[in-house]
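Asks: Can you read through this structure? Questions will come right after.
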Amino acid sequence: MVFPAKRFCLVPSMEGVRWAFSCGTWLPSRAEWLLAVRSIQPEEKERIGQFVFARDAKAAMAGRLMIRKLVAEKLNIPWNHIRLQRTAKGKPVLAKDSSNPYPNFNFNISHQGDYAVLAAEPELQVGIDIMKTSFPGRGSIPEFFHIMKRKFTNKEWETIRSFKDEWTQLDMFYRNWALKESFIKAIGVGLGFELQRLEFDLSPLNLDIGQVYKETRLFLDGEEEKEWAFEESKIDEHHFVAVALRKPDGSRHQDVPSQDDSKPTQRQFTILNFNDLMSSAVPMTPEDPSFWDCFCFTEEIPIRNGTKS
């Protein structure tokens, strides 16, 4: 008797992904910009075309290209078959009818300062935020802290103000902010969440550039949230990145690090260039020269917030 051959579906192996793209140093040529816009969905082209500042348009474009690169290369879905949607809160997600071997596949992007960043996990809930340390546009640092007083708990402010140097205090402020935003983005609640419900116990206080640390602990309404873990890193001297991780059902996952793990991990951010972003791209729409003309009329945001050199 001859039995029919079994058909096996090869599921691509996927680990966590951490990517960053330097929007601040990217000066797209006409050919690059027109190729990029041909490689995203029409509704996203329209959205990006509405930005007043080139800085915002570049960051949004980089974010869309990173997402499509992720889905194409990690899920093996052809670039021109990828359908991205947005939730009611505006979060980009893969369309539910997509051929996805990972039912809990999760990704998140953030852009601020000079970078757009992406974190993705095959099984874990994930949120990411990046913050650039910069001086307040108006007023002194103490005045800025007074305005933001209700965003942090008393203990968090004690940690921030424990440093004598105001620049270091500002550094710690943005590190705390990135952590809170990463959690809020992971749970998808958007604006309206009371930030003082969250309290982060930072550890270590000093982070080395290029390393990833997983010691910081989260307390929600005074109770430690052990099912959550946070990866912290500095891409460069001025940019903090926080990645919030949790298994979707709330239980601990073997890939969610314990707060007792005091050693930096090797899940560092890979810095991509434009050629990396486009390595799997397939143009989906005709070339539109007017989109370049409109981009040329946008301006970079005036730099009112200085950074310490």
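For all residues, glycine too, the Cβ spot is worked out from N, Cα and C.
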Asks: Out of S258, S262, which residue gets the phosphoserine annotation in Swiss-Prot?
Replies: S258
Asks: When the number of other CB atoms within 10 A of each residue's CB is tallied over all shown chains, which of the binding-site residues T87, S182 has the maximum?
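Replies: Within the set of binding-site residues, the most crowded position is S182.
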Asks: If you count CB neighbours within 10 Å, which one among the binding-site residues R47, K89, K91, H111 has the smallest count?
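Replies: Taking R47, K89, K91, H111 as the binding-site residues, the minimal 10 Å Cβ count falls on K89.
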Asks: Taking the Cβ of E181 (Mg(2+) binding site) as the centre, count every other Cβ atom within 10 Å, in any protein chain shown.
Replies: 20
Asks: Looking only at I109, I184, the binding-site residues on record, which one has the least crowded Cβ, with the fewest other Cβ atoms within 10 Å?
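Replies: Comparing Cβ neighbour counts within 10 Å for the binding-site residues I109, I184 gives I184.
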Asks: List the same-chain residues at least 6 positions away in sequence whose Cβ sits under 8 Å from the Cβ of D129 (Mg(2+) binding site), in sequence order, or say none.
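Replies: The answer is S110, Q112, W177, A178, L179, E181, S182, K185, V241, A242.
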